[in-house]
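**Q** Please find one structure pasted underneath; my questions will follow.
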Amino acid sequence: MQYSHHCEHLLERLNKQREAGFLCDCTIVIGEFQFKAHRNVLASFSEYFGAIYRSTSENNVFLDQSQVKADGFQKLLEFIYTGTLNLDSWNVKEIHQAADYLKVEEVVTKCKIKMEDFAFIANPSSTEISSITGNIELNQQTCLLTLRDYNNREKSEVSTDLIQANPKQGALAKKSSQTKKKKKAFNSPKTGQNKTVQYPSDILENASVELFLDANKLPTPVVEQVAQINDNSELELTSVVENTFPAQDIVHTVTVKRKRGKSQPNCALKEHSMSNIASVKSPYEAENSGEELDQRYSKAKPMCNTCGKVFSEASSLRRHMRIHKGVKPYVCHLCGKAFTQCNQLKTHVRTHTGEKPYKCELCDKGFAQKCQLVFHSRMHHGEEKPYKCDVCNLQFATSSNLKIHARKHSGEKPYVCDRCGQRFAQASTLTYHVRRHTGEKPYVCDTCGKAFAVSSSLITHSRKHTGEKPYICGICGKSFISSGELNKHFRSHTGERPFICELCGNSYTDIKNLKKHKTKVHSGADKTLDSSAEDHTLSEQDSIQKSPLSETMDVKPSDMTLPLALPLGTEDHHMLLPVTDTQSPTSDTLLRSTVNGYSEPQLIFLQQLY
């Protein structure tokens, strides 16, 4: 028994493995971009990769950037794994160049056809009627308009509607004088109505005169539409001609015979290539129709086919598509972590170098990201907090803080632990919680080597070495290293005791004192209850980590975690550059070749990045 969708299912699975980097045994390197894939899949579609992998067992294949662009190769890779190829005017050349270099013949053929179509649309007036010269008796030097049969009224039809609308102009639909069969009407592709041919009144009055127009003297453009051609039928070539004298503007029909032969599909212009004659109000409007088409085509804004988002440039769309495809071409050469955007990689590298380029003008404090500087200014220097809660009127420095705060009112907890089922309002809180299960402590102190599960805990701990105490009590002036310590001290002024023992009702100002009490007095109590109290009663540090927003204060800069921060293990500790707490490293410090702990390729990577 054969399953009809087995091949599609296999390709779908392989593509998901590629996007996840699972079982990928090769990496295609194009400049700073890296693409993971499977050798057997590439070799099956590309003669180039087939030849490469027959002669080498190397995992990395480096491609020439001048021959294969990263964006073109990405589209080609998607076609190989999915069978889908989206070609447009701004990527077809890159894809064709990549496919031709890598010998993917099927894509080369598709691209050639598409490029011909785009060239036809961009230059519709360049359609050559000479391609059917052998089958059509047409004099290219002169255009002959003969009205011999005008006086024979019964053989002509005049559009009375048009005459009523414009008394100065009439319409003439010429019947065939060379066949007894009823001629089919030439219909508009859009309206389906019969075409009417317009003549100025002075020409109609002298209709018995043969008018010869020299084709070489005709001003451009001449817009041509050719009707469908059948055997033994006549070819109607309708032309809009702008004469040198405005009063003599003419829209005329030329009827020529064609010899027997197969129909010529190239004769009929595509509907969208030129405007319909029926819709032409004045011959002057056709003067720049080709240029207007090119402008409309070039001004078409690229749009994402997945989410419908519109972009001003094709390059922005290509960067956006990496989000949908899961492509992360920007790779940190120091730790191997990959990112979708180049600016994300630069921000991430600062976790290695310690660089903080964004300085506060008031307190000279440095930050790795601009958004952190904005947050700091709003929190500590009186700048406006533009985001206000509709329920309690609290104001916040960032929209994300307001969104998290709103979940306190709604009770929403969208982040669920897949190990124990506990729910959280913040993604970062879930991350910290999972580390309780795994025991992971990726943040290591440079001075003493102590490890922490949360970056804010490391920041607070480092102040013990530097002596920094930025949090000052407004009542007595005493300073502290963390907001948790300040809150604990402040309770000594207010007398508040928020931590209550569930067994005996005693209350304490500090969670540590509550734990000591339970250990000393209730050591034989149910451990489950004690564990539950730990989960629902937060310590001062946990309050910072898990609930950065309280009802009375915003998150502090020290409590924020870098969204792109790299979890450093003990073995990665040597990769941090030696910098002080008060000054960010200069470019010379970052790029000097004598930095310990970096290999030569890593130093080259840093120099190229900056």
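Even glycines carry a Cβ here, placed using N, Cα and C.
The following feature annotations were taken from Swiss-Prot:
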COMPBIAS  188-197  compositional bias 'Polar residues'
COMPBIAS  523-539  compositional bias 'Basic and acidic residues'
COMPBIAS  540-550  compositional bias 'Polar residues'
MOD_RES   SER289  phosphoserine
REGION    169-197  region 'Disordered'
REGION    521-556  region 'Disordered'
MOTIF     174-190  motif 'Nuclear localization signal'
MOTIF     257-262  motif 'Nuclear localization signal'
ZN_FING   302-324  zinc finger
ZN_FING   330-352  zinc finger
ZN_FING   358-381  zinc finger
ZN_FING   387-409  zinc finger
ZN_FING   415-437  zinc finger
ZN_FING   443-465  zinc finger
ZN_FING   471-493  zinc finger
ZN_FING   499-522  zinc finger
**Q** Check the zinc finger (387-409) against each of 330-352, 358-381, 415-437, 471-493 and return whichever range has the most CB pairs under 8 Å.
**A** 358-381
**Q** Could you give the mean pLDDT over the zinc finger (499-522), rounded to a whole number?
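**A** The answer is 88, the mean pLDDT of the model over that range.
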**Q** Would you list the DSSP helix, strand and coil counts for the residues of the zinc finger (358-381)?
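**A** Going through the zinc finger (358-381) residue by residue, I get 11 helix, 4 strand, 9 coil.
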